[in-house]
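First comes the structure, then the notes that go with it.
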Amino acid sequence: MLHFRTEGFNGSAVKYSPFFDNRLAVAASANFGLVGNGRLYFLELTPNGIVPLKWYTTQDSLYDLAWSEIHENQVLTASGDGSIKLFDCTINEFPVQAWKEHSREVLSVHWNLVAKDRFCSSSWDGTVKIWSAQRKQSLLTLPTYSCTYSAAFSPHNPDILSCVTSDSHVRLFDLRAPDSASGHPAMIPIHGSTSAFVPGTLGSSAKQTIVPPSECLTHDWNKYRPSILATAGVDRTVRTFDIRAPQQGPLSVMPGHDYAIRKLAWSPHRSDLLLTASYDMTCRVWSDRSDMLVKDGDLMRTGPIGPTMGSELGRMGHHTEFVMGVDWCLFGSEGWCASVGWDESLLVWDVRAFVK
Amino acid sequence: MSPAAQQRLSQVASHFMPRPTKGVSTLVEKHPDDIVVTCALRTAITKGGKGGFKDTAAADLLAGVLKGIILGSSIDPALVGDIAVGSVLPPGGGATEFRGAALVAGIPETAAVKSLNRQCSSGLQAVVDIANEIKAGVIDVGIGAGVESMSLQYGPGAVTEFSELLDNHMEAANCKVPMGVLSEQMAKDRNIARTDQDQFAASSYQKAVKAQKEGLFNEEIVPLQVKWTDPKTNEEKIITVSADDSIRDGVTPESLSKIRPAFAKDGSIHAGNSSQVSDGAAAVLLMRRSTAERLGQKIIGKYVTASVVGVKPLLMGIGPWKAIPVALEKAGISKEDVDIYEINEAFASQCVWCIKGLGLPFEKINPKGGAIAFGHPLGCTGSRQVSTLLTELKRTDKKIGVTSMCVGTGMGMAAVWVAE
């Protein structure tokens with residue numbers, strides 16, 4: 001396990017470069033992101049450990065970052081003052097571009113993996129915005145009416161965008177459909193519509209009870225199954241959904257974290273594997289047990305079948321404070337990942353070492 | 001703090017919704033901030049006025065059991081932040097001599113000592129107080145203890161005369177009705193048959209005899225060397241007391257049925273189906289789980305929660321019946337989830353009534369016997385139950401236990417424990 005101390009700054013997000021297998025970026029904030037400066041680190045993995053390539057100190061806290069998909073030296077940051085900035089690690093001190101439209105904290109930024117000239121942002125101001133790096137103003141503003149913790153483009157379709165909010169819903173925007181783009185997205189109630197499923201053990205019939213809605217803090221699109229995404233948040237539970245059957249409840253459910261889950265990331269290498277970071281100071285690896293699901297997988301036809309209970313494969317407990325960010329390495333042997341937390345630590349580790 | 005920072009803080013705080021605290025699986029989870037027990041020991045409990053400790057001061061018993069805790073756990077005594085000692089009879093609450101006892105036991109002057117009195121639950125209250133101090137961050141490591149020398153301190157001097165004001169208030173005046181008298185009345189009012197009481201009392205003796213023969217108490221008893229005057233020869237000897245000396249073999253419901261009632265001619269309560277007058281001390285070493293792990297202390301159990309309730313002074317015997325459901329509710333478990341109940345046997349009558357009232361199976365109650373068989377040194381009992389419970393849970397490979405007792409003047413206490 002490699003360690004780097006973001007001294008004086010509490011980590012909020014970490015991302016591996018999509019271009020270099022040894023490059024990472026970390027977004028961090030002084031005073032736990034409550035008040036004070038932010039800092040963006042460009043870091044390199046070297047035989048001598050993790051070495052900072054460059055860092056930038058910003059006026060306000062940083063809550064998220066995204067690597068540019070078209071420029072290997074550039075990273076976007078989401079800032080507490082409502083701004084989004086683009087930093088280039090070959091240029092000292094100042095960002096190469098900045099956008100300021102959000103009226104409150106920007107909580108996530110995400111670059112479109114297909115249409116690489118676009119990225120999106122989500123904010124506490126109750127909007128998701130779509131941007132082009134070439135333009136000064138946003139291309140589109142999508143209202144969510146509630147604090148939006150995470151927004152992401154589908155990795156399979158450049159025009160589909162999802163976000164999760166404090167109102168316990170996933171919103172799906174299809175930018176090609178006029179009413180969706182004008183603010184009438186498809187909605188998936190994460191806690192269940194009238195009732196939600198409490199998972200029994202595998203194969204047992206699902207018992208239905210009401211689960212109260214709770215803030216959803218993070219979500220991610222599966223990299224192999226285009227219709228699957230996973231959500232997690234304050235209720236400590238990871239759920240996966242098939243966007244083709246939004247009202248039929250979760251496909252699989254993974255309870256186990258002791259406190260809210262702050263970040264989740266699907267594996268770039270295996271379709272059933274995901275990683276979570278939680279306020280309970282652990283990172284956990286899960287399999288959603290999609291191998292147990294109906295093979296033909298068409299929920300529209302089979303109807304609700306009750307969720308599968310995913311399984312926790314392992315946990316990493318080396319952080320000593322809330323873990324806020326986690327990301328998989330895209331390159332090399334499958335299983336390397338990085339996590340950051342409020343303990344001012346970036347840890348780079350191999351998931352396989354923690355699998356039971 | 002600026003409004004924005006305040007809002008950001010509230011947002012993070014809102015991410016912590018209350019954990020569901022229901023069920024055994026939640027209860028047995030391990031968290032760094034759990035309050036855990038790493039050592040729970042007691043002295044032998046001996047017959048009041050006759051037994052091994054009849055000439056030993058309460059403070060000496062306390063010093064002995066505190067020494068036992070330090071040796072048994074190998075804790076650095078300088079880490080102990082506070083010691084709470086429950087005791088009912090000593091004048092002045094025992095505050096002065098208990099501080100002395102802690103120093104004798106080798107605990108440095110940096111550790112604070114307090115004495116407290118919640119009648120028969122004082123020992124449990126002491127443990128709960130220490131757990132709460134740790135929970136609140138006042139101290140990191142503490143000892144909850146209980147001690148009583150009924151041989152030396154039982155008597156009228158232990159209660160202050162009631163003022164006219166109190167005497168003229170009916171419910172207040174009820175507080176000084178002697179325990180035996182009110183329990184006799186309660187047994188009559190609630191139709192607790194003498195045969196049921198004798199049956200329960202005899203089984204307490206039989207379980208204790210069996211447990212003692214199998215050596216089940218050895219693990220929890222600290223042997224003490226004390227001076228003892230032989231009543232026949234008046235000769236002072238040094239003896240080692242390492243076993244309860246009031247457990248009688250061969251007690252049956254039939255043999256108990258012959259004993260004359262003690263409090264009323266037509267009564268049902270007698271010496272054989274009430275708790276014995278005795279001497280003893282017990283102590284429990286508590287700390288946060290994270291502290292225990294850092295210090296390499298062996299965790300034997302977890303303190304979960306406790307309840308304290310009030311009942312009518314004349315019905316003090318129903319205390320456990322009222323306190324246990326409150327503690328279980330707080331712990332988020334049902335009565336069936338509990339593997340062992342240690343309910344103090346003040347009187348067989350009230351204990352039987354509580355067990356039946358709660359609908360508990362008799363097999364789960366006091367599996368090694370109780371105060372009827374080996375005695376009830378008032379302040380000691382609450383801490384004594386912890387060692388008795390945790391050793392038995394571990395031996396039988398069970399998890400969840402409850403300790404409880406009725407409390408004079410009309411109260412009840414209960415605590416929930418998990419063995420690890």
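Easy rule for this one: first residue shown is 1, then count along the chain.
Placement of Cβ uses the backbone N, Cα and C atoms for every residue, glycine included.
Taken verbatim from TrEMBL:
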- B:Cys120: active site, acyl-thioester intermediate (ACT_SITE)
- B:His376: active site, proton acceptor (ACT_SITE)
- B:Cys406: active site, proton acceptor (ACT_SITE)
- B:35-290: domain 'Thiolase N-terminal' (DOMAIN)
- B:298-416: domain 'Thiolase C-terminal' (DOMAIN)
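Taken residue by residue, the domain 'Thiolase C-terminal' (B:298-416) breaks down under DSSP into 55 helix, 30 strand, 34 coil.
Using a 10 Å radius centred on the Cβ of B:His376 (active site, proton acceptor) and all shown protein chains, the other Cβ atoms total 25. Note on the domain 'Thiolase C-terminal' (B:298-416): its mean pLDDT in the predicted model is 95. Within 10 Å of the C-beta of B:Cys406 (active site, proton acceptor) there are 31 other C-beta atoms, taking all protein chains into account. Secondary structure at the residue listed as 'active site, acyl-thioester intermediate', taken from DSSP and collapsed to helix, strand or coil, is strand.
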